[in-house]
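*Asks:* These came from Swiss-Prot, pasted as-is:
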- Asp7, Asp137: Mg(2+) 1 binding site (BINDING)
- Asp7: active site (ACT_SITE)
- Glu64: Mg(2+) 2 binding site (BINDING)
- Glu64: active site (ACT_SITE)
- Asp137: active site (ACT_SITE)
Amino acid sequence: MKILGIDPGTIKCGYAIIETKPKLTLIDAGFIKITEKELQYQLSQLIEGIDMIYDSSIDEVAIEDIFFAYNPKTVLKLAQFRGALSLRILQIHGNFSEYTPLQVKRAVTGNGKAKKEQVAFMVKRILGIKGDIKPLDITDAIAVAITHSQRVKC
């Protein structure tokens, strides 16, 4: 089963595609860099990026839910990105699953309060990856895909 994991962001949107059989394997990972200045063009850039990475062989899509932020403007902008992303996934795939950062951290590290670096360490360990994976948006997206693989018991 192929799973697309997505870590939404307003500057970088991490993505990862994993295969679950015969064992968890990383197929592709990266990020969509948002460089436009105006919101409408940023959203368009995000959608174009999703269209470039999505292919019909993907069986499941999992997206990390919005985290709590102190700045209301940040939350609002992230919610707009998340809404555009959700709509596009529904249009091209039909459905998706959502996981909170707490659920993802707990699934991958056993600790819902783990730091991003701890998540990255465990992602590399689970997949047997040597070396660094940068930026951390990518390891977060991989962690979302791993979390989904555990939930659907593939």
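Positions of Cβ are set from backbone N, Cα and C atoms, glycine also.
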*Asks:* Between Asp137 (Mg(2+) 1 binding site) and the residue listed as 'Mg(2+) 2 binding site', how far is it from one CA atom to the other, in Å?
*Replies:* 11
*Asks:* How many Å separate the Cα atoms of Glu64 (Mg(2+) 2 binding site) and Asp7 (Mg(2+) 1 binding site)?
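*Replies:* Asp7 (Mg(2+) 1 binding site) has its Cα 5 Å from the Cα of Glu64 (Mg(2+) 2 binding site).
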*Asks:* So, in DSSP terms, is Asp137 (Mg(2+) 1 binding site) helix, strand, or coil?
*Replies:* helix
*Asks:* What residues, ordered by sequence, lie under 8 A Cβ-to-Cβ from Asp7 (Mg(2+) 1 binding site) and sit at least six positions away in the same chain?
*Replies:* Cys13, Gly14, Tyr15, Glu64, Asp137, Ile138, Asp140, Ala141, Val144
